[in-house]
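Colleague: These came from TrEMBL, pasted as-is:
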DOMAIN    29-79  domain 'Gcp-like'
DOMAIN    135-361  domain 'Gcp-like'
BINDING   His170, His174, Tyr191, Asp355  divalent metal cation binding site
BINDING   Tyr191, Val192, Ser193, Gly194, Gly195, Asp223, Gly238, Glu242, Asn327  substrate binding site
Amino acid sequence: MPAVLGFEGSANKIGVGVVRDGAVLANPRRTYVTPPGTGFLPGDTARHHRAVILDLLQEALTEAGLTSQDIDCIAYTKGIAGRLTIEEHTWSLARSEWPAALCYHHYTTTPAPPFTSLTFPSSVFPSVCRILTPISIPLGPGMGAPLVSVAVVARTVAQLWNKPLLGVNHCIGHIEMGRLITGATSPTVLYVSGGNTQVIAYSEHRYRIFGETIDIAVGNCLDRFARVLKISNDPSPGYNIEQMAKRGKKLVELPYTVKGMDVSFSGILSFIEDVAQRMLATGECTPEDLCFSLQETVFAMLVEITERAMAHCGSQEALIVGGVGCNLRLQEMMETMCQERGARLFATDERFCIDNGAMIAQAGWEMFRAGHRTPLSDSGITQRFRTDEVEVTWRD
């Protein structure tokens, strides 16, 4: 009965989860929220994650009723999958903000020296650190600085507790959590988030990508649209757009760009950035109308390519994962499509759609049982870690 501790912090969410044999024992999470009209910068997000991650670790252990002796493996997000347009950033952090041992070789493959003088809370790191079993961390993709912040902690915990380490692909984490929670067996997956938009299906030990965005992700499009209208980021731009869209009454025609199995959202965003203020000033539409129109347009594009992938695969199941997947209007449109095809839709709520530590723990649990391990020399992070790069040895 292996228990896996998972760390996720590839964007503005930071979470620590514990999973044991298909049961989510704990899944606490924090969100870095910025003022309306702004996004979140990598350095600021990393500082937020570093400030709360140890409290989250203690909270997860307490909620799960476990100690380090009960954990079998540590999992972390190694990176995020997708055709990304994320800007490259240089991580410049004040090393005084971390215990000295944690600042050693963030990006190198050289193993860090033994950690002998860490200033971690004794409640989390007792003299005999054997509380958790496996520890998993996301390998990628994501924002460099937050990813590194989480990976450094995961590496440290794994070494202090003498536990195996597992680097997890972020998208694989979403898929495996979705399969666990919903019971979907072999679905066509629509993966929609702030950093990725992909249509995926499993075949021959790989999650194959059938279609994806050719520029920005759908979640990024929604987030940047929210900045145009100065929509609040609390609890998230997408959630607030969804609520405003319910009050929209007019469908504004927006660019609809599907190219075979791929989609493009940059043109829609550019169009809105160009005309929104003029249309609002002249009374042609309301902010609620724009929210409604944007959702209807981009979600129709996603439904179209998902249905095409299902037809190609002969699939009778569709699974929505990723932060945008908890949007009820998207679920409603996907449900209509599935009913017309005689298929079933599977989706989860915000506890498991939005980035969380339990999804990394669950993917780590599957990998751990299949014999995967991540050597310390390969325990870095990457912002270019595609879904189909992972060999899925735990599935038939």
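Heads up, the Cβ atoms here are built off N, Cα and C, so glycines get one too.
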Colleague: Do any residues at least six apart in sequence from Ser193 (substrate binding site), in the same chain, have a Cβ closer than 8 Å to its Cβ, and if so which, in order?
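Modeller: Long-range Cβ contacts: His174, Ala217, Val218, Gly219, Gly322, Gly323, Val324, Gly325, Asp355.
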Colleague: Find, among the binding-site residues listed as His170, His174, the one whose Cβ has the highest number of other Cβ atoms within 10 Å in the structure shown.
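Modeller: That would be His174, with the highest Cβ count within 10 Å.
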Colleague: For His170 (divalent metal cation binding site) and Asn327 (substrate binding site), determine the Cα separation and express it in whole Å.
Modeller: 20
Colleague: Tell me, how many other CB atoms lie within 10 A of the CB of Asn327 (substrate binding site), whichever protein chain they belong to?
Modeller: 25
Colleague: Other residues with Cβ within 8 Å of the Cβ centroid of His170, His174, Tyr191, Asp355 at the divalent metal cation site?
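Modeller: Not counting the recorded site residues, we get Ile80, Cys171, Gly173, Ile175, Ser193, Asn196, Val321, Gly322, Gly323, Met359.
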Colleague: So what sits near Gly238 (substrate binding site) in its own chain, CB-to-CB under 8 Å and at least six residues off in sequence?
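Modeller: Counting only residues 6 or more apart in sequence, the Cβ neighbours of Gly238 (substrate binding site) under 8 Å are Gly219, Leu222, Asp223, Ala226, Gly323, Val324, Asn327.
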Colleague: Would you list the DSSP helix, strand and coil counts for the residues of the domain 'Gcp-like' (29-79)?
Modeller: 23 helix, 14 strand, 14 coil
Colleague: What is the pLDDT of the domain 'Gcp-like' (135-361) when averaged and given as a whole number?
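Modeller: Per the prediction, mean pLDDT sits at 95 for the domain 'Gcp-like' (135-361).
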